[in-house]
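As written in TrEMBL, here are the features:
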TRANSMEM  7-24  transmembrane segment
TRANSMEM  36-52  transmembrane segment
TRANSMEM  59-79  transmembrane segment
TRANSMEM  85-104  transmembrane segment
TRANSMEM  111-129  transmembrane segment
TRANSMEM  149-170  transmembrane segment
TRANSMEM  190-214  transmembrane segment
TRANSMEM  220-246  transmembrane segment
TRANSMEM  286-306  transmembrane segment
TRANSMEM  326-344  transmembrane segment
TRANSMEM  351-367  transmembrane segment
């Protein structure tokens, strides 16, 4: 009874999150404590209660850095009277520990069906609802946006990230060729035409790494150190990119794809056009200026970062970069989260889990470039951190395969829960 209840609850959480994402417009701000707010947040608080034993075990097992993080940073914020920051951190760590404890696995087929259902629901929503400015076919997108960009969610970023996830799913699937072909075609279609650059970059890094790592899975040093080096190189390249792009800004393709169609920019202007390096810099400045390096808690990013804004300057919330925002908000204890992520990479490398290692750079890139879409109440947060924490065992067929191999060596081993 309990395994079925857990499976239904997990699937219900994913489906409900997808449905709510269809209802919330791209620029819609969810008002705190509104009915929609509780509809989004309460499932992330309540559903994991079914796994309370596993969460307790994970908090002193693989998730101990997360427990230290929430106790130190959350305790400090409570002492400072910033209850909102403490509650937000609790939700973040609570869901991460739930993902650590998850003993329910969906098959790759189930994820492909979820993606197909989301595409169909999004297309229907485009016709029925008036909250999606993007189309699902070329030139259906509003003229206020780039007409060839597509999205079946009201948020184009959600479409890009979910499409990337299903492409990863297909790469691990052993379902029928027809199903894999259809899912891969749809996934690539929306990944490319959503033109979420970070998702495309993450996919472009994952694909060759997965092929390479699957062939050298016995060499844990390659599986561990190559992703770490790539993370450093890629983010270093992003930081120096403005000094390079300023020399190519007159190229129409470079200008349109990377600089929002603008030309005649100086290095400082290019730096602000890319936005992420500027946000990272401001987050680090806030971290270094915080009391005892314990973070600022809840703060208004834009008013601190731009005391005197220029006319028509885009208002950024600072949530566009998850990892550096956590550092600015909660201070040096946030490094325990980074330690946790690297520890999972090391564990996957030791186990020869090529998927968990190949996806690591992509997830770090997503976490340094997006924040609001990787909220702990989001299905994408759960799906991507499952890949980070469980690697290939995110999918039921891989769990069965590993259990079959293990049972061949030890007939007394029982198969774990899978779906």
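Here the Cβ of each residue, glycine as well, is placed from N, Cα and C on the backbone.
Given the structure is predicted, the values throughout are model-derived calculations rather than measurements.
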Original post:
How about the transmembrane segment (286-306) and the transmembrane segment (326-344): do they have 3 or more C-beta pairs under 8 A, pairs 6 or more apart in sequence?
Top reply: yes
Original post:
Taking residues 6+ outside the transmembrane segment (111-129), which of them lie with a CB under 8 Å of any CB in it?
Top reply: 14-15, 18-19, 22-23, 135-136, 140, 151-154, 159, 162-163, 165-166, 169-170, 173, 175, 179-180, 182-183, 186-187, 190, 395
**OP:** Decide whether the stretches the transmembrane segment (36-52) and the transmembrane segment (59-79) have at least 3 CB pairs under 8 angstroms, with pairs required to be 6 or more apart in sequence.
**Re:** no
**OP:** Select the range from 7-24, 59-79, 149-170 that forms the most Cβ-Cβ pairs under 8 Å with the transmembrane segment (85-104).
**Re:** 59-79
Subject >> Criterion met for the transmembrane segment (149-170) and the transmembrane segment (220-246) (at least three Cβ pairs under 8 Å) >> reply: no
Original post:
List, by number or range, the same-chain residues at least 6 past the transmembrane segment (59-79) whose CB is under 8 A from its CB atoms?
Top reply: 85-86, 89-90, 93, 96-97, 100, 294-295, 297, 330-331, 333-334, 336-337, 339-340, 343-344, 347, 389
